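Lifted from TrEMBL, the feature list:
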BINDING   A:14, A:15, A:16, A:17, A:18, A:19, A:20, A:21  NADP(+) binding site
BINDING   A:109  NADPH binding site
BINDING   A:194  L-homoserine binding site
ACT_SITE  A:209  active site, proton donor
DOMAIN    A:357-436  domain 'ACT'
C-alpha cells in the first residue's frame, strides 16, 4: 500500500502500561530521529486505554489522545502498536486494524504463539506487515536474525533463556542455597516476579516464546500447545547443589531442535529446567538477563544476549519494528511474511534426545551398582559416569549419582520406572536433563 | 525493479576462494530451501575467477560456469555476490553490476570502509540493494540488528572483538604467558594467522569494521581513515601479566562511541588493545571467536557472539543477504539504504575518555609517590588505585601501578610525558586503556 510522499504516518498505540508508556515517550522524545529513519514523520494519533481520564504524568502527550474506543482508533492509523497482551481483545483489534489497511507491531507472545497463523494470513490478505520482535526476549534482536540473517543457513538448534523471572530465581537459588518458595518471595519483593508468578514459573511464558522461535527457525507452524512444558516449581535446593557438584548450573531452557524421526527431519520443542555445564555461554547468564544460543550448519554457534523484559528494553524492540514497517509503507512493499513451507512434523517429548543426571537413594551394600547398571543397560541407556556417596556412618544408605550419555526421553522414563521398582533403590531423588554439553 | 513472477533470479559469484567456495556449495546444496525462502529459484549463472580452467573438486557446479570475464558476467545477473576482497577490481565490478540493474551482496570490509558512500549512492541511483553483513564479524548478525532492530533506539556505544586472529593471539598469550612474536608464529602454524599478519595484528581489519559499525550505529559517514588505530604488536607478556594482576584480560577492541564535544553529540571511533575486567561479557570471548557489545538508551546492554571468519560462517552471512535482496527483487522495493542523516562530527583520539592502567619503574625512596601523584593531579587526571611493588631486595627500585578514573586521552598523554620527565621515574613500563568497567 503506497503512502503519500512526505505525509506523516499515523501511529495508534493500544495499551499504556509499562511498555506502552515507554513507547509513547520514545515516540515523542525521538520524533526527529524516527522521522529521519522512517523517511516521514510518525504522528501519534491515539492511545487506547481502559480509563482515558486517568492522569499519566510519565506519558508526555496531549491528554486528548487517550481514548477508550480502541475499535475506532485502529481504523484511523497506518501503523498500530499492540501492547495490551493476552488473546482478547488484542486479536480482534489487530485483525480489525489490518482490515482497515494498517500494519501491526505487537509484543504479544501469547497471541502469536496461540494463533499466529490467523494474524499472518490476515496480513498477507491485506498486504500489510505484522511484526513482533518484542514478543521474544525483549530487547534482544533475535527474531530478525533468525528470520533474515540466517535465511541462507540451516538452523539445527535454538536454545534460550527467555524468561527473566525464572532465571533470576534460579540464579539466586544457585548463589544462596535457598529453596524455591523462599526465593520466589524474594523475587516478588524485588519486582522480578509478579504477585501470581504462574505464567513464569510454570514455563508458560517460555513455551510461547519457544513456539515462536521454532516456527521461524524451522519454517514450520509451531503453536504453544505443541511445546512440552515443565516449570521450575519442582527444582529444589538439593537439585541446585547436585548441579554444582556436577560443574553445572540449573537454567530454565527453551529448546527448539531439528531432529530425525523415521528418517526425516522433524522438530522437537520443549521447555524445562536443565543442568548447563559452567563452560557453556548460557551458564553465565545471570539475574534477569536473557540469552539465546543458536547452532546452525554454516554459521556455527551464535549467541544473543541482553535484557528480556522491562518497559524501555521492550519498547526498543517495538520501535525497531515500527521503523521497519513504516519504511515499507513509505517505499511500498512488505517485509518477509510467515514462512512455513517446510511444514515439518513435531515430535513428542519421548523422541527428544539428551543427557540425564539421576540421583538415587540406595541401600549401601554390595551388588547395588550392578543392579542399577543392569536397569540402564536393559533400556539401552548408556552410563557416562556414576558416583557413589556413602550416607552418614552406619545408616546403611548411600547416594548414587548417574550421568548418562545421550538417550531418548522415553528410554530414560522407562529406565527410571525400572529403577524405582528395584529393591535396592529406596527412591529416585531427582532426574534432570543436561543440555549444552 | 520488479521481477517476472516465477522466473529464477540469476546469481553471479565474483571470487571462489574460501568464502566463495562455501557460497557456491550452499547455493547448490540448499537450492530448494533458498527457492522457498526467496519466493523464486536462484540460478547460479557464473563464477568469476582468475583461472577458470583450474579443477575445483570442492565446488559442485558445472565447470562451464567458471569464467575469467567478470566484467561481462556482472551484466547478466540479478544479484551479484562479491567475495574477491580489496578495493580494485571489486569496486569497479560492483558499480558496473549496479549500473546493469543488479543488487549486490559483498563481504568486502575494506571497500565498504574506504569508499562505502560511492557504493550506496550508486545503489540509490539505480534502485538496487547493496548488503554487506558478512563484512563485519563474519557469521554474527550485527549490521542488521544495529541498522534495523535498533532503529527506534539511540546507540551509545558499540564495543567489539571483531578480529579473530588477534583474539586468538591475545587469548593464547593470556593462557601460556608467552610473548607476541612466538604466539603469532604458533597462530600461523595453526592457520589462525596469515603469512603476512599485518592487516590483523596492526588493527587495519578491525579499523575497517569499526568504521562500518560506527556509520550504521550513529547514522554518520565514518571511513577507515577516521578511525584511530593501534595494533597488538607492542603488547608484551608483561602487559598480559599486569592485566591478570588487575583481574583483567587484554583484548583488541573496536570502540565506537557517542561522545559530547563542544556541547553537541559527536562520534569517537578507535581500535586499540585494552584491559577488560573479567566480569565483562567480552572478557570471556576465547580463541578466534568474535563478539560485539552494544549499549543503547532503551535496550540497555546487548551482546552478539559467534564466529567472525571462515568459509562457511561468512557464507552464512552472505546467503542471508542474498535471500533478503532476492525477496526485494521479487516483491519490488529495496531494503533500508545508507542512513547518514545525523552527520555527526568525528572527534580525534585526544577527546576520547576512558580509564588507564599505567605501570612505572621508580626509585624506591620516600617522596616518589607524592611526586607521581602530583603529576597526575596537575593534568587533571584522577587516580583510582595505586599499588607499589618493591623490587628485589636492596636494588633500590620499585614498580608503581596506577589505575586512573576516566580521563581524556590528551590529558593522559600529557601526564605520561610529565611522569617520564620526573627524576624519580626511571621508565614508563606500560600504558594501557581499561574499557568496559
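Cβ coordinates are placed from backbone N, Cα and C, and glycine is handled just like the others.
Location within the structure of each feature annotated in TrEMBL.
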residue	record	DSSP (3 states)
A:14	NADP(+) binding site	strand
A:19	NADP(+) binding site	helix
A:109	NADPH binding site	helix
A:194	L-homoserine binding site	coil
A:209	active site, proton donor	helix
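Taking a C-beta cut-off of under 8 Å and a sequence gap of six or more, residue A:109 (NADPH binding site) has these contacts in its own chain: A:132, A:135, A:136, A:205, A:208, A:209, A:212. Around the residue listed as 'L-homoserine binding site', taking its Cβ as the centre, 13 other Cβ atoms fall within 10 Å, counting all chains. Distance between Cα atoms for residue A:20 (NADP(+) binding site) and the residue listed as 'L-homoserine binding site': 18 Å, as a whole number.
Other than A:14, A:15, A:16, A:17, A:18, A:19, A:20, A:21, the residues of this chain whose Cβ falls within 8 Å of the Cβ centroid of the NADP(+) site are, in sequence order, A:13, A:22, A:23, A:24, A:83, A:84, A:311.
When Cβ atoms from all protein chains are considered, those within 10 Å of residue A:19 (NADP(+) binding site) total 26, not counting its own.
Ranking the binding-site residues A:15, A:17, A:20 by how many other Cβ atoms lie within 10 angstroms of each Cβ puts A:17 at the bottom. Cβ-based crowding with a 10 Å cutoff singles out A:14 as the top-ranked of the binding-site residues A:14, A:18. The Cβ of residue A:16 (NADP(+) binding site) lies under 8 Å from the Cβ of A:24, A:47, A:49, A:56, A:59, A:66, A:83, each of which sits 6+ residues away along the same chain.
A straight line from the CA of residue A:19 (NADP(+) binding site) to the CA of residue A:194 (L-homoserine binding site) spans 16 Å. Between the CA atoms of residue A:18 (NADP(+) binding site) and residue A:194 (L-homoserine binding site) there is a gap of 14 Å, rounded to the nearest whole number. Over all protein chains present, the Cβ of residue A:209 (active site, proton donor) has 30 other Cβ atoms lying within 10 Å. Separation of the C-alpha atoms of residue A:17 (NADP(+) binding site) and the residue listed as 'L-homoserine binding site': 15 Å, rounded to the nearest whole number. When the alpha carbons of residue A:21 (NADP(+) binding site) and residue A:194 (L-homoserine binding site) are compared, the span between them is 19 angstrom. A gap of 19 Å separates the Cα atoms of residue A:15 (NADP(+) binding site) and the residue listed as 'L-homoserine binding site'.
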